[in-house]
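Asks: Here it is: the structure, laid out below.
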Amino acid sequence: MKDSDSDNPAGQDSEREALSQLRVKIDSIDEQIGELINARARCAQEVAEIKKRHSADGEISTFYRPEREAQVLRRAMERNTGPLDNEEFARLFREIMSACLALEAPVKVAYLGPEGTFTQQAAIKHFGHSAHTVSLSAIDEVFREVASGAAHFGVVPVENSTEGVVTHTLDNFLGSSVKICGEVVLRIHHNFLVSDITRVDSISRVYSHAQSLSQCRKWLDAHYPRAERVAVSSNAEAAKRVKGEWNAAAIAGKMAAELYDLNLHAESIEDQPDNSTRFLIIGADEVEASGDDKTSIVVSTRNEPGALHGLLEPFHRHNVDLTRVETRPSLTGTWNYVFFIDFSGHVSDSTIQAALSEVSSRVADLKILGSYPKGVL
Ligand SMILES: C=C(O[C@@H]1C=C(C(=O)O)C=C[C@H]1O)C(=O)O
């Protein structure tokens, strides 16, 4: 208690009174929010009944509607008048929708693990906490799990703002029929984690994934120049190792700290403050237009002069906004290449259809990987 309060009992009484009035108000608002959330959940159950009646197989894909969820989140943000910021506001709606969807049918999401990695964080950011997330140990496994129907959706990293593209993810699309049905961008914050028994002035080893070590190089040079940097298979694995080692620390995200009960000795130690990673949501089905979408395709050109120009020119002429072009070696022959191209728009848009039909007449092969809502959160 502050001195001024003990000197002023009348002030204390009025403060207590003001607080208790506000709490009565909060209780009453909570009651209304609670009733409204359940009213919303009942509507979702009715939606589920209609979907069940109209779907032959009763599969989850008919229950989870990425385009509708993106619209709900965008609308929540447009409506928001504060004081909560847009992202925080949408996050609350994300969780409400997640709980409503779980009532309709629980969604199973495979992700590149282990538990506690940024990919799991991305899965939860996209699907909310009511989704059932399953950790797998390789990107190929996530693709296989989705292709076989063992998981409804998968989450894999595709590019990092400082380290570039995750080539393994792109390569997996070449031999797979899975579709891209969403994207999620995560701001990557690295933290310096220690255990209860770590002697912070005697740290001689720092564990992390090689990418994270390189993303925190300057911070490590400044604070622990002599500690050995040990690259391990994931940040979560790094956190796990620190448990029980008095002279070691790990660089990892907050989820790993919580999972392995470690302390945040220093937060946000990444050299680039806007370090972020983009993840793709993969699934078995195509997604309808949400009003603000992106399309990803992969094309292989004929090995002849002007092939790349011929491929890009129709996009330019139809005023299609290309957001990314990535070149990868084709798996079919030495010195053949494929291009992964992302652009704004949905395959159901007439301009996109016109551009794509021209492109496909000029290339050896064109595969649409998916049209999906641009990341909202
Ligand atoms: C309720 C629906 O089903 C699911 C739940 C949603 C929600 O809670 O708003 C939105 C889309 C679907 O993933 C729907 O399709 O409208």
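Cβ coordinates come from backbone N, Cα and C, glycine included.
Per TrEMBL, the feature domain 'Chorismate mutase' maps to 13-108. Sequence annotations record features per position, and here TrEMBL assigns domain 'Prephenate dehydratase' to 108-284. The domain 'ACT' feature in TrEMBL is assigned to 296-371. TrEMBL lists THR277 with the feature site 'Essential for prephenate dehydratase activity'.
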Asks: If you draw a 10 Å sphere around the Cβ of THR277 (site 'Essential for prephenate dehydratase activity'), how many other Cβ atoms fall inside it, taking every protein chain shown into account?
Replies: 22
Asks: Kindly report the helix/strand/coil residue split of the domain 'ACT' (296-371) according to DSSP, in that order.
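Replies: Helix (H, G, I), strand (E, B), coil: 24 helix, 28 strand, 24 coil.
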